[in-house]
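Single-structure report; data block below.
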């Protein structure tokens, strides 16, 4: 392809959205010849990790898949390129500076795969790691459709999703689905073939992390031990407290298995997502039927935060970790309280190991 066109198109995208990712890798390629000229839009740029916390997800909405569009004559988004008539030269339309590039390609679909849990297990990290993959398209915010907004209807839910091309997977994550009684029935009503991902973590550590998050928003919260124990003398655990109840993974999974076979689930270890993110991401990509694109070259371990971060893409000034709300230091909890919790969870953990076919080694 003519190098001048190659660089000019890259310049157009850069001017329109300020997100050209290290040209020429982020260039848009226009190809075709003869009558019935087709336009193939490629976007091979790496995601800009510096916008992972931006709720607008501008870059995510700009990224078409690296594949050919359907073969027919049509007008492509005016912000990218135009085909006026068969056999004519392809003119480029340069948008006014500062105008966003709209992504009008593809179709909005309900998710084929959902990260359904668990809260404080590592679901945000998993979603952001998956969004590196060119064949994964995911909504950034948690939709909460199957637990809070089900009455808005399936069309409302579908319209929340990003556009996808053939071969791409639409995903979302809402960790509270796993512990919502009505969620399995509702998800199955939408699609009983959906793939379900559950990120699980040692339930004791998860409960402390859950408490830490709530404490950061409500500094006047009672102590962890006063909430976890019904009676400090007897040491009886209060299972009505959500931070404790969420960790009863076996009970929640029983509810889901009434509607979905075990083969539709992938249980991701929150601990291994930290210690070996590439290895765990390999399992996730296999489960979703994706080529293994996300690998160890994408990660480095941040000693300060204590978990993996994404390496900076070419052309970016710095690498990108998850937001400040991730990796908070946990408060000191009395050792005897933690031990009582471990004793409480042990039979539930063993039951979950049997049901899932995986020993997560929490005991």
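Along the chain as shown, the residues are counted starting at 1.
For all residues, glycine too, the Cβ spot is worked out from N, Cα and C.
TrEMBL entries are annotated by machine, without manual review.
What you are looking at is a predicted structure, and each value in this text was computed from that prediction instead of being measured.
Listed in TrEMBL:
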type: ACT_SITE; residues: 120; note: active site, for sulfotransferase activity
type: BINDING; residues: 120, 121, 122, 123, 124, 201, 209, 326, 327, 328, 329, 330; note: 3'-phosphoadenylyl sulfate binding site
type: DISULFID; residues: 309-321; note: disulfide bond
type: DOMAIN; residues: 111-346; note: domain 'Sulfotransferase'
Within 10 Å of each Cβ, count the other Cβ atoms, then let me know which of the binding-site residues 122, 329 comes out lowest.
329
Residue 209 (3'-phosphoadenylyl sulfate binding site) has how many other Cβ neighbours within 10 Å of its own Cβ?
22
Count the Cβ atoms, other than its own, that fall within 10 Å of the Cβ of residue 321 (disulfide bond), considering every protein chain shown.
21
Let me know the model's mean pLDDT on the domain 'Sulfotransferase' (111-346).
93
For residue 120 (active site, for sulfotransferase activity): intrachain residues, at least 6 apart, with Cβ closer than 8 Å:
175, 201, 206, 209, 210, 213
Around the Cβ of residue 309 (disulfide bond), the count of other Cβ atoms that are within 10 Å:
22
What is the interatomic distance between the Cα atoms of residue 124 (3'-phosphoadenylyl sulfate binding site) and residue 321 (disulfide bond), given in whole Å?
11
Between the Cα atoms of residue 309 (disulfide bond) and residue 329 (3'-phosphoadenylyl sulfate binding site), what distance do you get, rounded to the nearest Å?
17
